[in-house]
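Report on the following structure.
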């Protein structure tokens, strides 16, 4: 009885203090859980110094050691950046950083002649200052990650000037989207009446669909150069494969990702009958600027696009090929198109929107609770933006953790299904070799702690994917 008696004073505290304490307690519980998982994985990096027997035919000892050291450095960085982030967030809550920033934004509005009745205007100033603070405090960590860790392991292709211009451009573009969308959302909540949560949900749904539609055509080109894939065998084979599964392909682009990093990727986008495929140049063995010297030595034409060799791009050409050959690229695309054919994209959108509707519904039920605002230092006012921040970020955090884990499990299932789809297209052998190459190019470590991978990996571990492909490959 003594233990339960000691808890009585806590339950006798005011509701706002109990809420505040629970939020802090849960935040640190999640942090300690994540740290525990990271330390389990770090132990794998430290102790697995030789290629395991089952991986002997997949990865050579030199690449294995490079990937091990790379992941160790990333693990160390993640520990310190995570600790800083948790301490920063705790101090902001303990010292009333959110109400202080709200009052400061009101003061700036007052200087411009806007009184307290202009809540939406004050909310936009608050958002601008909050995102600026986040960008400035995160900048040193981003610089260290790019110019120390990524540089050390041969991935970084940026100069400091390019990095800073890129960061400023990202901040401006983010504000150009965030501020108008936020102002409209707050206005809808204000005038929506009892059913505002339905209108708010429909608005965010429309915004998300518009952003998905315009991102690759109008936003991404602000940061990277997109060029149509040249006519040739690869493009022809991509079009044939798309037609064979009724994928409504309209264009194939190559994005110059090599000016920023040597990591590789591929994706598709668009709705209905207007689908486009985007390939990173680092994915294409015969296109990547990182293979420039090798292409020239073999007599192939070097790329001449006017920007690929600019002074801002430090092209670190290695004496090795990077990327996949044409058949392997087709296998990777077979996997990606499998996500479309099997309805994974639509299922993810449906899950996302069901979650969004549920959150807005619960927000509508909780927004009138004054103790939620009081818990975070808002005793005399209940601004809508602050309500969104408190409820979506803090009150929903346990639900968000559970949902995130469930989506991670679902994502791994989808990845296996997409691999199986590529097998049905006859691409098992090429996908097998492509996965090995991509793991090598990105210095992925093929050994993982089971608990860490279960909680974090949205893609199955390499060895599991290869095992699933192996039987078909042998057949």
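From the backbone N, Cα and C atoms, a Cβ is placed for every residue, glycine too.
All annotation found in TrEMBL is predicted automatically rather than curated by experts.
Under the heading active site, proton donor, TrEMBL lists 419. Every protein chain considered, the tally of other Cβ atoms within 10 Å of the Cβ of residue 419 (active site, proton donor) stands at 26.
Just so you know, the Cβ of residue 415 (Zn(2+) binding site) picks up 21 other Cβ atoms within 10 Å once every protein chain is counted. The Zn(2+) binding site feature in TrEMBL is assigned to 335, 339, 415.
If you look up TrEMBL, you'll see 41-225 marked as domain 'CAAX prenyl protease 1 N-terminal'.
Per TrEMBL, domain 'Peptidase M48' is recorded for 229-471.
The transmembrane segment annotation in TrEMBL covers 20-38 (among others).
Among the features that TrEMBL reports, transmembrane segment is placed at 77-102 (among others).
Tertiary proximity for the transmembrane segment (122-144) is limited to same-chain residues at least six positions away from its ends with a CB under 8 Å from its CB atoms, namely 77, 81, 84, 88, 101-102, 104-106, 108-109, 114, 116, 163, 167, 171, 174-175, 178-179, 182-183, 186, 383-385. The transmembrane segment annotation in TrEMBL covers 122-144 (among others).
Residues 119-120, 123-124, 127-128, 131-132, 135, 196, 199-200, 203-204, 207, 211, 219, 222, 384-385 of the same chain lie 6+ residues outside the transmembrane segment (171-189) yet bring a C-beta within less than 8 angstroms of a C-beta in it. What TrEMBL lists as transmembrane segment is 171-189 (among others).
Residues annotated as transmembrane segment in TrEMBL: 195-216 (among others).
Residues or ranges marked as transmembrane segment in TrEMBL: 357-379 (among others).
Positions annotated as transmembrane segment by TrEMBL: 385-410 (among others).
Within the set of binding-site residues (335, 339), the lowest number of other Cβ atoms found within 10 Å of a Cβ is recorded at 339. Listed stretches 20-38, 195-216, 385-410 were compared with the transmembrane segment (77-102); the greatest number of C-beta pairs under 8 angstroms is found for 20-38. Within its own chain, the transmembrane segment (195-216) is flanked in space by residues 177, 181, 184-185, 188-189, 226, 253, 269-271, 276, 278, 352-353, 356-357, 360-361, 363-364, which lie at least six positions past its ends and keep a Cβ under 8 Å from the stretch. Through the fold, the transmembrane segment (385-410) approaches residues 19, 23, 26-27, 30, 98, 102, 119, 123, 126-127, 182, 186, 351, 355, 359, 362-363, 366-367, 372-373, 375-376, 378, 454-458 of its own chain, all at least 6 residues removed from its boundaries and within a Cβ separation under 8 Å.
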